[in-house]
Amino acid sequence: MYYDDLPLWGFLGKLDKDKEQGNAKYLLFKHIHFDIMYNGDRVIEINVQTDPNVAVDITEDKEVQVEFSYSVTWKKTDIPFEKRMEKYSKSSSMPQHLEIHWFSIINSCVTVLLLTGFLATILMRVLKNDFIKYSHEDESLEDQEETGWKYIHGDVFRFPQQKSLFAAIVGSGTQLLALAIFIFLLAIVGVFYPYNRGALFTALVVIYALTSGIAGYTATSFYLQLEGTNWVRNLILTGCLFCGPLFLTFCFLNTVAIAYSATAALPFGTIIVIILIWALVTSPLLVLGGIAGKNSNTEFQAPCRTTKYPREIPQLPWYRSTIPQMAMAGFLPFSAIYIELYYIFASIWGHKIYTIYSILFIVFIILIIVTAFVTVALTYFQLAVEDHEWWWRSVLCGGSTGIFIFFYCIYYYHARSDMSGFMQTSFFFGYMTCVCYGFFLMLGTVGFRASLLFVRHIYRSIKCE
């Protein structure tokens with residue numbers, strides 16, 4: 001339970017096993033006692049106890065009338081309100097927890113350094129050789145066979161299919177990245193403390209609403225750079241791309257919670273407030289961002305001219321197709337955040353409290369760096385075999401970590417959690433699917449942006465006729 005944002009734990013009953021007869025008795029406690037310590041008008045500490053002597057036997061499968069009671073003892077304390085959370089911080093920052101945390105951080109950092117160093121060395125050497133080779137080929141073009149990434153320079157900046165959807169993904173992903181960074185900064189500064197879940201969810205809703213202008217500006221300006229014509233439709237798509245599935249999921253889960261008479265159901269007033277925020281803040285900011293993006297008049301920076309007809313992509317082995325590449329791209333970033341995921345899941349769906357936001361922020365930065373590097377490497381290998389359709393591939397490879405996180409959700413549900421029943425299952429998978437989808441959009445945008453920078457850089461470095 002939570003009282004004044006303080007979590008408290010207690011037993012509802014107990015299982016009495018008779019070793020001689022092998023019978024088991026299920027006892028439900030009827031009386032709960034609360035010990036509350038206060039300073040002035042603020043609650044500082046709360047503990048709960050149950051009385052095993054006041055219990056009712058519910059072993060038999062029949063209806064039992066139970067009268068519950070509780071008692072409260074109020075005690076004065078000198079502990080100031082600012083220090084009331086230290087007790088919980090100590091339990092979540094126990095030496096073994098911190099050791100595992102720091103071990104995972106060091107492990108991730110070493111992985112990142114090795115990976116980035118390895119990729120940077122390979123790419124620098126390979127690109128250096130490519131640049132030397134291509135500069136010599138300018139002198140003796142007749143003797144050389146046309147292979148490699150230079151020869152698709154007329155196709156590499158050919159705009160992708162489904163421009164509107166592509167621009168909407170980039171816009172939504174940029175907004176979610178901004179949202180994540182703002183939340184981390186607020187958590188690290190200590191604007192809201194992590195034990196108050198309500199404050200965290202409120203911050204998520206408000207910051208998502210305030211950052212919708214970023215999505216509108218990014219999506220519209222990029223869509224117009226891709227020579228799109230219907231920017232209004234693109235703006236509507238951007239607004240609905242993440243909000244739409246989230247809203248539908250929320251409606252379904254809230255209906256389930258109401259049907260089960262659960263406290264997880266949001267009251268009608270709160271739903272009205274959320275709709276008003278969406279109507280009065282999110283939508284106007286999205287439109288303003290879209291108008292600003294339309295008026296920015298930036299052109300797409302392409303170092304090479306695009307040919308009229310696309311070059312044919314050669315037949316490639318199976319492991320160079322999209323799904324194997326996505327599996328390769330998602331595994332490394334996921335392995336960097338795997339240990340931290342367990343603690344996050346235990347705090348969201350379990351009874352642990354997550355307090356070490358600084359470590360989480362480092363892990364998040366590592367995730368962004370690894371995603372960018374892996375996607376750039378795969379984009380280079382794709383261009384080297386003259387496959388010029390890298391736009392969508394970079395988004396799918398970057399975002400594939402979200403799919404790995406979803407598989408981890410399935411593993412966590414079956415192996416680590418004690419959840420069962422329709423309501424718990426639908427809540428867990430409903431909200432976690434939305435989170436994984438958000439990760440897909442955000443990391444897909446990171447992968448595409450990194451690949452675009454890289455592709456522009458290498459084609460700017462060679463002479464293209």
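Here, residue 1 is simply the first one shown, and the rest follow in order.
Cβ from N, Cα, C; glycine included.
Copied over from TrEMBL:
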TRANSMEM  100-123  transmembrane segment
TRANSMEM  165-193  transmembrane segment
TRANSMEM  199-224  transmembrane segment
TRANSMEM  236-260  transmembrane segment
TRANSMEM  266-288  transmembrane segment
TRANSMEM  329-350  transmembrane segment
TRANSMEM  356-378  transmembrane segment
TRANSMEM  390-413  transmembrane segment
TRANSMEM  428-455  transmembrane segment
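Same-chain neighbours of the transmembrane segment (329-350): 97, 100-101, 103-104, 107-108, 111-112, 115, 359-360, 363, 366-367, 370-371, 374-375, 378, 397-398, 400-405, 408, 412, 416-417, 419, 428, 443, 447, counting only residues six or more beyond its ends whose CB sits under 8 Å from a CB of the stretch. Under 8 Å from some Cβ of the transmembrane segment (165-193) lie the Cβ atoms of residues 85, 199-200, 203-204, 207-208, 211-212, 214-220, 222-223, 226, 228, 234, 237-238, 241-242, 357-358, 360-361, 364, 391-392, 395, 438, 441-446, 448-449, all in the same chain and six or more residues away from its ends. Highest Cβ contact count with the transmembrane segment (356-378) among the listed stretches 100-123, 236-260, 266-288 falls to 100-123 (criterion: pairs under 8 Å). Within the chain carrying the transmembrane segment (100-123), a Cβ under 8 angstroms from the stretch's Cβ atoms is held by residues 332, 335-340, 343, 356, 359, 362-363, 366, 369-370, 373-374, 376-377, 380, all 6 or more beyond its ends.
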